[in-house]
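Quick look at what Swiss-Prot lists:
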| type | residues | note |
| --- | --- | --- |
| BINDING | H47, H49, H64, H121 | Cu cation binding site |
| DISULFID | C58-C147 | disulfide bond |
| REGION | 62-89 | region 'Disordered' |
| BINDING | H64, H72, H81, D84 | Zn(2+) binding site |
| BINDING | R144 | substrate binding site |
Amino acid sequence: MVKAVAVLRGDSKVSGTVTFEQDSESGPVTVTYDIKGNDPNAERGFHVHEFGDNTNGCTSAGPHFNPFKKNHGGPTDSERHVGDLGNVKTDSEGVAKGVLKDSLLKLTGDNSIVGRTVVIHGGEDDLGKGGHADSLKTGNAGPRPACGVIGLTA
């Protein structure tokens, strides 16, 4: 089993932890998240971005991780970036906790997400269906209040 973690921090009150686990190279990755400081009762875009660079805040993380050059989509769409994880839903206190499984994410090999950045966005991801100019690139998910580089863990 391969495990990785990202500690989310940023220029805002949003913070949290995201863990990634993969039992085998061909198996899905289990993503567990606990993120606080968001607006209450909201959906927020949640993506893996290309670079593990946060030198200029979360902007330095670059675009969504997209090694297959696809359009943006939802996590269950066939046409999507590898890094498209959809939205997390916050509770009445602005906390998003949950678990998801994703078959495109990998923790080993050429398209590994280790060393890249996971970002929580300030708006809802329209999953590529919003009709906005940015829908097919970013899901029009807005700013990047918090992010963290994904690193291997024991």
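A Cβ is built for glycine as well, from the same backbone N, Cα and C atoms used for every other residue.
Feature map: annotations from Swiss-Prot on the structure.
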residue: H47; record: Cu cation binding site; DSSP class: strand
residue: C58; record: disulfide bond; DSSP class: strand
residue: H64; record: Cu cation binding site; DSSP class: strand
residue: H72; record: Zn(2+) binding site; DSSP class: coil
residue: H81; record: Zn(2+) binding site; DSSP class: coil
residue: H121; record: Cu cation binding site; DSSP class: coil
residue: R144; record: substrate binding site; DSSP class: coil
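H121 (Cu cation binding site) sits 5 Å from R144 (substrate binding site), counting Cα to Cα. Residues near D84 (Zn(2+) binding site) in space but far in sequence (CB under 8 A, at least 6 apart, same chain), listed by position: H47, H64, H72, G73, G74, P75, D77, D125, L127, G139. There are 27 other Cβ atoms within 10 Å of the Cβ belonging to H49 (Cu cation binding site). C147 (disulfide bond) sits 18 Å from H81 (Zn(2+) binding site), counting Cα to Cα. Cα distances from H81 (Zn(2+) binding site) to the recorded positions H49, C58, R144 are smallest for H49.
Note: the Cα of H49 (Cu cation binding site) and the Cα of R144 (substrate binding site) are spaced 11 Å from each other.
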